[in-house]
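*Asks:* What TrEMBL records for 18-35, 42-61, 81-98, 110-130, 142-163, 183-208, 220-239, 251-273, 279-296 is transmembrane segment.
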Amino acid sequence: MANVLKDVKKFLSIPDDTLMQLSLPAALLMFVIIVPWGKKTLMNATSIVFAVKGTALLLYPEAVKFWFTKGHPDGLHLQEIRHIAIILMAMAFTHFLTRKSMDKATEISLLWSRTVFCGAVFLLSMVQVVNYKEKDAKTSLFVWKISSIVTGLYFAAFAFYSLREDDWGGSTDHSTSRTSLHLRVDFLVFFLHGLLAYCFPGMIATFQTKLKSLDPVHDYTARVMGAGFLALGVTSGRANNCHTEDDKKSVLLSHGLANGVFFLTMLLCQIFSNVFSQWHMYGIGVVLLVALNDLVGSEAPTILRNFLQRFKSTKEE
């Protein structure tokens, strides 16, 4: 038995660090516990993980420093991690807002969104494993192997439950309603930005930062960020097919809040960091406009006003 464990450790390149050694068994145990219970349990559990992990990484992105065997995360690493955290929180919040929806289109949209995200990250992790060169690497091979295993398993689970559905719900919506227009703008920006970040991360980075090139970790986190944008684009793109207007507005609200946090983090980085160039301001402007588009489309001002009125009336009573 000891020899088997030794061979497994060697195959997976597991380091001697205790936290690293426990991470894979913990991830596999969680997968085995939640997946057999069906798609509802899978969605609920992953939403909780996304929310907790997203909040933790947004508040303390330096946590990824354990990835590094050489050097430490720089300003761009940390900002990319913050963006990934915001994406995870947005995906979780969208599911929270629509969890009681009876619309099949909403359910399948969220399933496909996570299928796309996990599948795209799985491919990236496999590329890192295949192209790993210890001499040039800043991280251990185990980081990429565990990422490949975990994202591959969840990609298979989400794809299985997505393809298993007989009824994908929804309808072809050719309306020009205000909500549909806001959703199309959101889809266009997220999907195009996702494609650019996933396929050409170096082009975006050299345009918006003072870096001349990206190291493998920069490249990976930028592409994961792109995968997240693609997943959000799938959600807003499919939301036009939903029958329920509240579900459409819920998608816009979660994406609007996410863009608002994107805007704040980007603005603070522009002010306090010396990594980003003046061209980064154009990205900040686009994010602000999309945030306004989403929040107006979701009728967030009306929601806030009604909430304040209820709070005021309750206080008076």
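Backbone N, Cα and C define each Cβ position, glycine as well.
Unlike curated entries, TrEMBL annotations are predicted automatically.
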*Asks:* Do the transmembrane segment (279-296) and the transmembrane segment (183-208) share at least 3 Cβ pairs closer than 8 Å, excluding pairs fewer than 6 residues apart in sequence?
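*Replies:* Counting Cβ pairs under 8 Å (6 or more apart in sequence), the transmembrane segment (279-296) reaches the transmembrane segment (183-208), since there are 3 or more.
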*Asks:* Under 8 Å, at least 3 Cβ pairs, sequence separation 6 or more: does that hold for the transmembrane segment (220-239) versus the transmembrane segment (81-98)?
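*Replies:* Stretch pair touches.
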*Asks:* Short question: which residues 6 or more past the ends of the transmembrane segment (110-130) have a Cβ under 8 Å from it?
*Replies:* 39, 43, 46, 91, 94-95, 98, 141, 144-145, 147-148, 151-152, 154-155, 158-159, 161-162, 165, 198, 216, 220, 223-224, 226-228, 230-232, 234-235, 238
